[in-house]
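Have a look at the structure below, then the notes.
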C-alpha cells in the first residue's frame, strides 16, 4: 500500500519542522528507526526555484506529514473545548445574574442553583483552559510542577461541589415536601446560605488532601509527565466519597420526593371531591335561591377546615420544579458516570486492562463531564419562563423588567371592579325583592337563607371595594 503526502513548506519553516521531528521521534521511535534505515530509498527532498520545498512520501508517513496531521487534530480539539468553555462561563454568569436580580427566583432552591452556577463558572475559568492547554501539548504538563497539584485540587473541588449541591437540593426538596409548614417557617435566606456554606466546606474537606500530599510528593500527581492522580487510594476513596455516595443519596431522596408528591396529589383530589359533595348540599329549595347565591354557597369555604393541607396549585408547582431538577440530575449523572466508572476500572484492573485505552477514555470522558457545567443553564432556559425571559433581557443589556406604570394599572383596573360592584348591588336588590314573599311551608328556612345570602353578598361587596382601594 502506498500513501502519498505532499505539502509545500517554506525554507523558513524547516527549523520548526526539525524541532517537530525531534518531538515526534520521541513519540514514535519505531517509525523513526525504520526511517533511519531507509532514508535514501523512502523519501526525496527537492528545492525548486522559488525556494519552496516539495515533500513526497511513499510507503510511510514522514515526520512532517505526521506533525501536520497531529496539528489538525489539536486544532479541532482546541476549537471544541473553546466552545465548551465559552458556553460554561457565559451561561452560568447569566444564571448568577438572574437569581441575584429577579425577585421571583430568590428562594432556597434557586440559591443552591446560583451557588452551583458559581462552581461551574469557576470550573470554566480555572480548570478547563488548563486542561485544553495540556491537550495542545500532547497531555504533557506545560506549567511549573507545583501548579499541577493545585490544578487537580481545583478540578476535584468544583466537580465535588457540583454533585454536593445537587445532593443538597434533593434533600432540601424532600424535607420541604414532608414538612411544608416547618420548612417554610424556618427556611429563611440565612438558613439557605448556611446550607450552601456547609456544602462548600464538605467539598473543600474532601479535596484538600490532594494539595497537602501532592505538593510534598510529585509522584502522587505526576505519571509519565502527565498531571493526574497517580495514587490509587486517592482515586478509589475520592471517587466513592465525592461521587457515588452523594449520587446514591440524591437518587433515593429524589424518588421519595416524587412518591410523596403523588401521594399529596391523590389526597388533595379526594379532599376536593369530598368538599364538592358537602358544599353542594342545601337546606333551601332551588326555586327560592338565585343562581348567583347557589354559586356563592358552592364555593364558600369554612376557614381553617383545611389548614396545613397543600393545594393543587402548590403541588403542581412542586411537580414542575421536580421535573426541571430531575433533568439536571439525570444529565449530571449520565455525563459524569462514564468518567468515574472508568476511573475505578483503571485501579481495579490495572494489570489486565490496556492502560493506553483507559487513558484515552478518561481524556474523553472528563470533557463530557465538563460539558454538564455548560448544559445546566440551557435546561433552565428551556423549562423555566422566568429564567428564559431574564436571559433574553440580559443579552440585550436590559437588567430590569419593564413594568407598567401604576397609573395605567389604576385606569385599567378600577372601572372594571366598579362595574362589577354596581352589578352586584343591583343583583342583590332584585334577589331580595324576589325572595320577599316566601311560601308558608318554607318560611323559616327561607328567612335564614336570605339572611345568610345577604351577609355573603355584603361581604363580597366589601371585598371588591377593598380591592379597588388597595389598587
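Cβ atoms are placed via backbone N, Cα and C, with glycine included.
Annotated in Swiss-Prot:
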type: TOPO_DOM; residues: 1-80; note: topological domain 'Extracellular'
type: CARBOHYD; residues: 8; note: N-linked glycosylation site
type: CARBOHYD; residues: 38; note: N-linked glycosylation site
type: CARBOHYD; residues: 44; note: N-linked glycosylation site
type: CARBOHYD; residues: 51; note: N-linked glycosylation site
type: CARBOHYD; residues: 54; note: N-linked glycosylation site
type: TRANSMEM; residues: 81-97; note: transmembrane segment
type: TOPO_DOM; residues: 98-111; note: topological domain 'Cytoplasmic'
type: TRANSMEM; residues: 112-137; note: transmembrane segment
type: TOPO_DOM; residues: 138-146; note: topological domain 'Extracellular'
type: TRANSMEM; residues: 147-171; note: transmembrane segment
type: DISULFID; residues: 148-227; note: disulfide bond
type: BINDING; residues: 155, 343; note: serotonin binding site
type: TOPO_DOM; residues: 172-191; note: topological domain 'Cytoplasmic'
type: TRANSMEM; residues: 192-215; note: transmembrane segment
type: TOPO_DOM; residues: 216-232; note: topological domain 'Extracellular'
type: TRANSMEM; residues: 233-258; note: transmembrane segment
type: TOPO_DOM; residues: 259-322; note: topological domain 'Cytoplasmic'
type: MOD_RES; residues: 280; note: phosphoserine
type: TRANSMEM; residues: 323-348; note: transmembrane segment
type: TOPO_DOM; residues: 349-356; note: topological domain 'Extracellular'
type: DISULFID; residues: 349-353; note: disulfide bond
type: TRANSMEM; residues: 357-382; note: transmembrane segment
type: MOTIF; residues: 376-380; note: motif 'NPxxY motif'
type: TOPO_DOM; residues: 383-471; note: topological domain 'Cytoplasmic'
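Sequence features, as recorded in Swiss-Prot, placed on the structure.
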residue: 148; record: disulfide bond; Cβ contacts under 8 Å, 6 or more apart: 141, 214, 218, 221, 222, 227
residue: 155; record: serotonin binding site; Cβ contacts under 8 Å, 6 or more apart: 123, 127, 131
residue: 343; record: serotonin binding site; Cβ contacts under 8 Å, 6 or more apart: 235, 239, 362
residue: 349; record: disulfide bond; Cβ contacts under 8 Å, 6 or more apart: none
residue: 353; record: disulfide bond; Cβ contacts under 8 Å, 6 or more apart: 345, 346
| message | Considering only Cβ pairs within less than 8 angstroms, which of the stretches 233-258, 323-348, 357-382 has the most against the transmembrane segment (81-97)? | response | 357-382
| Of 147-171, 192-215, 233-258, whichever stretch has the most CB pairs under 8 A to the transmembrane segment (357-382) | 147-171
| Surrounding residues of the transmembrane segment (323-348) on its own chain - C-beta under 8 Å, 6+ positions past either end | 109, 159, 162-163, 166, 169-170, 173, 232, 235-236, 239, 243-244, 247, 250-251, 254, 258, 355, 358, 361-362, 365-366, 368-369, 371-372, 375-376, 379-380, 383-384
| query | In DSSP terms, helix, strand or coil for residue 155 (serotonin binding site)? | reply | helix
| message | So if I exclude everything within five residues of the ends of the topological domain 'Extracellular' (216-232), which remaining residues of that chain have a CB under 8 angstroms from its CBs? That is, six or more out. | response | 134, 139-141, 145, 148-149, 151-152, 210, 238, 347, 350
| Intrachain neighbours beyond the topological domain 'Extracellular' (138-146), with Cβ under 8 angstroms and 6 or more residues off its ends | 27, 130, 215, 218, 222, 225-227, 363
| said: Using a Cβ cut-off under 8 Å, which residues of the same chain at least 6 positions beyond either end of the topological domain 'Cytoplasmic' (98-111) come close to it? | reply: 117, 169, 172-173, 176, 187, 189, 191-193, 195-196, 321, 325, 386-387, 390-391, 394, 399-401
| query | Mean pLDDT, the topological domain 'Extracellular' (216-232)? | reply | 88
